[in-house]
Amino acid sequence: MSDRVVLVGCGNMGFAMLKGWLDSGALEPQAIHVVEPAAMLRQRAGELGVHTVAEAGELSADLNPRMVLIAVKPQAMAQVLPAYTRFAGDVTFVSVAAGIPVALFEKHLGDKAAIMRVMPNTPAAIGKGMLVVYRNAHVTDANAVFINGLLKTSGEVASIADESLMDAVTAISGSGPAYVFHFIECLTDAGVTVGLDRDLAALLAMQTVYGAGALAAQSHESPTKLREQVTSPNGTTAAALDVLMSEDRLEDLITKAVEAAKKRSVELGKA
Ligand SMILES: NC(=O)C1=CN([C@@H]2O[C@H](COP(=O)(O)OP(=O)(O)OC[C@H]3O[C@@H](n4cnc5c(N)ncnc54)[C@H](O)[C@@H]3O)[C@@H](O)[C@H]2O)C=CC1
Ligand SMILES: O=C(O)[C@@H]1CCC=N1
């Protein structure tokens, strides 16, 4: 069986995953064929040494890929899939699209097609992603091992046996980096409000999120315990947390945001 891989769509997410495979050495650039209609994005991928084409018809008929990873927008999926039916066979199709259920892939690719859904996030570009996997019964164990090996180059991999959880997964880890980036923006702006110049405020906000995230990931203590370690009785942190935590203000806001993301994922799946 070949280790050739086709990556369909090399935008934000596709490129992040491509970087993970290449930076880790898990795949040789020559094993990867990128289909990307946008010339600038095709050139960006080509600079990494991979094969690039603008459309599926340009892929060699005897390519025999082991995996076709589809990273196009959910709204484009139904239009994109028919061009890949010719690869159905030993290949496993992997979709990273929010919302789109396995049933839609089976409708276009046949009900015997091997399909995996993966919900990654953009920190995959530096090997720090969170990737959650759901697969249908037609993915062979050998292909699942091969693909899991590739996914692990992008970060932590977890799997779910209930596809309906994918909407909640998307709302937490798929979209989650944007919530954190927005928190950095807010902390930076707040720093400016209390008198720091913007560059210093941005450095403090970014390094604080980076350091706190790394500490939470590496420590044996819970986030609750780590929070308590920062919070001196009647000190500065307690004053701030009174604002964030009284009446669960931040938790309520985050829950509302996550519920909105989950709802949108469900809608995308029905589009
Ligand atoms: N951006 C993110 O953080 C995450 C995105 N996703 C999913 O990844 C998918 C892609 O999202 P992004 O990368 O953000 O979007 P994007 O717009 O950056 O990338 C999509 C790419 O697909 C290309 N494309 C369009 N039609 C095509 C075709 N017929 N053949 C090949 N390529 C084609 C576009 O030119 C574009 O470069 C979406 O389904 C999204 O739900 C999943 C998790 C996180
Ligand atoms: O915003 C979106 O729809 C995609 C899915 C998860 C992150 N980005």
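The backbone N, Cα and C atoms fix where each Cβ goes, glycine too.
Listed features, source TrEMBL:
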BINDING   Ala71, Val72, Lys73, Pro74  NADP(+) binding site
DOMAIN    5-99  domain 'Pyrroline-5-carboxylate reductase catalytic N-terminal'
DOMAIN    163-268  domain 'Pyrroline-5-carboxylate reductase dimerisation'
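Highlighted in sequence order, Gly9, Gly11, Ile70, Gln75, Ala76, Met77, Val80, Val96, Ala97 have their Cβ within 8 Å of the centre of the Cβ atoms of Ala71, Val72, Lys73, Pro74, the residues recorded for NADP(+), and are not part of that set. Sorting the domain 'Pyrroline-5-carboxylate reductase dimerisation' (163-268) by DSSP state (H, G, I as helix; E, B as strand; all else coil) yields 92 helix, 0 strand, 14 coil. Cβ neighbours within 10 Å of Pro74 (NADP(+) binding site), excluding its own Cβ and spanning all shown chains: 18. Here the domain 'Pyrroline-5-carboxylate reductase catalytic N-terminal' (5-99) is broken down by DSSP into helix, strand and coil counts: 41 helix, 19 strand, 35 coil.
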